[in-house]
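Visitor: Structure below; questions to follow.
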Amino acid sequence: MISNINALKYKKVLLKVSGEALMGDKQFGHEYEVIKKISSDIKEVIDLGVEVAIVVGGGNIYRGINAALVGMDRASADYIGMLATVINALTLQNVMESLDIYTRVLSAIPMMSVCEPYIRRKAKRHMEKKRVVIFAGGTGNPFCTTDSAAVLRAIEMNCDMLLKATQVDGVYDADPKKNPDAKKYCTINYKDVITNNLQVMDTAAIAVARENKLPIRIFSIKEQGNFARVIQDKGEYTTIEESVV
């Protein structure tokens, strides 16, 4: 463990957790042991002295884009998907608080009875008080992914880096599950991610990150303790940033 926060390169980060990551091996909903493991990983990073914010997806409950493909109005489908992210945020909050992690859920869609509305200054103040802020409701607008929400919130919170927890340990030039010869990138620039259509994040999210010089790190959430390792430049990951030497 690093006891001196000044020894860390990244002192404030945003973690993007997909809804699929919360359901483990299930086909729907939540796998609480998996959520507890993710929460333990987050606690390990907090104990390093790092300020942490989180954006959660909702794909384990509802995917708006899939519903739109079968005929549902896209905007309505996306709003339902946003509600799914609130369910996930509240679930994650409860598991984290069982581990004595102070949290606040802030939703882009106001739901005063269950969580706070998203107000940038309030969110920053929570983080200054060492609370983990869980952002729910996506951007609050349809036709936007939770990846875009993660990039926007990371920039608004002045985070040093956005870390996206996935099922693979980085960015590959092809799907490693389908192609055993797929090449993994250690680092790659924003332009190449877009040009090569690598689909680690949607194009809009990558473009906003590039414009604001927000580095993105892709890593696997499956291995216990990986979050803390990756934030210290250890372990397996891919970094997306402007300049690659």
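Using the three backbone atoms N, Cα and C, a Cβ is placed for every residue, glycine included.
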Visitor: Just to be sure I read the record right: G58, T139, G140, N141, P142, F143, C144, T145, T146 are listed as binding UMP in Swiss-Prot. Which of D41, D78, D169 is listed for the same site?
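Guide: So the UMP site in Swiss-Prot includes G58, T139, G140, N141, P142, F143, C144, T145, T146 plus, from the candidates D41, D78, D169, D78.
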Visitor: Cα-Cα separation of Y172 (ATP binding site) and N141 (UMP binding site), in Å?
Guide: 30
Visitor: Ten-angstrom check, please: count other Cβ atoms within 10 Å of the Cβ of G58 (UMP binding site), all chains counted.
Guide: 26
Visitor: Just to be sure I understand the packing, how many Cβ atoms besides its own are within 10 Å of the Cβ of T145 (UMP binding site)?
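Guide: T145 (UMP binding site) is surrounded by 19 other Cβ atoms within 10 Å.
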Visitor: Counting distance between Cα atoms, which of the binding-site residues T139, N141, F143, T145 is nearest G59 (ATP binding site)?
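Guide: Out of the listed candidates, the nearest Cα belongs to T145.
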Visitor: For UMP, what surrounds G58, D78, T139, G140, N141, P142, F143, C144, T145, T146 with a Cβ no more than 8 Å from their Cβ centroid?
Guide: G64, G81, M82, G138, S148, A149
